[in-house]
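Asks: Okay, here's the structure, questions in a sec.
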Amino acid sequence: MNKLNRIGPRTENNVNLFPLHQELKPAFMKEVDSHFTEFVNRLIAKSVLLESSTATSTFPVATCSERDLHKPKGLRAPPEHGKLFIARRSLLDELFEVNHIRTIYHMFIALLILFILSTLVVDFIDEGRLVLEFDLLVFAFGKFPVVVSTWLCMFLSTFILPYGLFLQWAQGHCCSSHRKIRSLFFGMLFMLFQSIGLGFGPTYVAVSYALPPASRFVIILEQVRLIMKAYSFIRENVPRVLSSAKEKSSTIPVPQVTQYLYFLFAPTLIYRDNYPRNPMIRWGYVATKFAQVIGSLFYAYYIFVRLCIPPFRNISQEPFNLRGLVLCIFNSILPGVLILFLVFFAFLHCWLNAFAEMLRFADRMFYKDWWNSTSYANYYRTWNVVVHDWLYYYAYRDFLWFFGKKFKAAAMLSVFAVSAAVHEYVLGVCFGYFYPVLFCLFMCFGMVFNFILNDRRKGPIWNVIMWTSLFLGQGVIICLYSQEWYAHQYCPLENPTFLDYVKPRSWDCHIQI
């Protein structure tokens, strides 16, 4: 690249002397770029194969071929034949080293500055003083001591009970004369803990204490994360104990408690005894990522204050009509897309990288280049790799192992249904009402686009179509959920029935005003 940079200025300075060279330059550079891209792709493919062949000696994991996926049930592939963890950086960290990409990041910072200036100027005109109260953030994260105490209970119970149950089961499994009954008993205890201890308990606290939305999000998202982690720990280690008992081994493959504790904090949902680790912690990098998370929170605050609250505050006082709904959706696209970018940047990049750095966790592929997707199938695989890996290995692959490879469509549908239900559950508990907009988008439009905009769709036009539909979907989500939120504020019900909880309040709230 340095040579090309030195050559570049001389070529431009001699453009009048070499017009033929100037005409051939675009074609030449395009050809060089094509060959270079092909070379890099081959190099990456060869490196993956090399990592796969040496995974047993390097890491305690290995890759799994497609034919291993469809082995008979009696020959099920061991759990370590799954995701391969290797040391790699996050994609944005690499892209931000390019000045052109970093300029886009600077543009978002400039937009935040304009939001701040706009809010300060308007507040100064209205109030005659600078207003720096951040009342929306204070409200959204209210009752935080309840959140902290609830999280501690969830974490300690997930740390003690699943590991303790597994340890007791594993130590007595080999010498037990009633292995199936004993395994069923411990399995029922684990499912009871998952459903009541981690399932019902945190939800009851969030609802009974009337926690505000952001505080509920912290509890419910941690609830889902810990449920998935506990399941992964049991799912990965039980087959190892069963194989050890079948081989009549003298040693019981029980992970150390420190390995399980590390997994509970690690930014992955797939359990391994060991992960690739970096040699040192860059505390400056950690501080930068946490600062970016805080900055993203304030960014979201100003988006809601300037773009969401003013148009939706009085929307329930206006009669419903199709024109108003269409305008609401299109006016909500900008804040919806900005919120989407902030969620991706703050959580999937900054938050996960900060914890990965503190734990020296070397595999930073929490997402891929989802913005280049030309199909929704690729978008779902690359948007959130952490959750996708869990759904792929524990829902999709296990479904195919149980029912057979002929049911791929049913397996995909089941994964979509589980993901849509969990997303809707999170939003329903956090907002305090049932309005299955996201569920319908997932199960209806998401499934349709997944089959229509599949991996066979290539070219820039399909990327444009994907972005257009994604923008429109964000507008629908922001518009309808905001309308429902203010309808519940303006039109409370004294003695609600079951149908009142199911029926959207925004449909007839304007009649009661």
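Glycine is no exception: its Cβ is also placed from the backbone N, Cα and C atoms.
So TrEMBL lists these for the protein:
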TRANSMEM  104-125  transmembrane segment
TRANSMEM  137-163  transmembrane segment
TRANSMEM  184-207  transmembrane segment
TRANSMEM  252-271  transmembrane segment
TRANSMEM  283-304  transmembrane segment
TRANSMEM  324-352  transmembrane segment
TRANSMEM  407-427  transmembrane segment
TRANSMEM  433-452  transmembrane segment
TRANSMEM  464-483  transmembrane segment
Asks: Please check if the transmembrane segment (283-304) comes into contact with the transmembrane segment (324-352), where contact means 3 or more CB pairs closer than 8 Å and the residues in each pair are separated by 6 or more positions.
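Replies: Result for the transmembrane segment (283-304) with the transmembrane segment (324-352) is yes.
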Asks: Counting a contact as 3 or more Cβ pairs under 8 Å, with residues at least 6 apart in sequence, do the transmembrane segment (252-271) and the transmembrane segment (407-427) touch?
Replies: no
Asks: Counting Cβ pairs under 8 Å to the transmembrane segment (137-163), which of 104-125, 184-207, 324-352, 407-427, 433-452 comes out on top?
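Replies: The listed stretch sharing the most Cβ pairs with the transmembrane segment (137-163) is 184-207.
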Asks: Looking only at residues six or more beyond either end of the transmembrane segment (433-452), which have a C-beta under 8 A from one in the stretch?
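Replies: Same-chain contacts beyond the flanks: 375-377, 380, 412-413, 416-417, 419-421, 423-424, 427, 469, 473, 476-477, 480-481, 484-485, 488, 501-502, 504-505.
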Asks: For the transmembrane segment (407-427), could you work out the same-chain residues 6 or more beyond its ends whose Cβ comes under 8 Å from its Cβ atoms?
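Replies: Distal contacts: 217, 220-221, 224, 387, 391-392, 395-396, 399-400, 435-436, 438-439, 442-443, 446-447, 450, 481.
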Asks: Give the nonlocal contacts of the transmembrane segment (184-207) in its own chain as ranges (CB under 8 Å, at least six residues past its ends).
Replies: 146, 150, 153-154, 157-158, 161-162, 165-166, 168-169, 215-216, 219-220, 222-223, 226-227, 230-231, 234, 429-430, 432
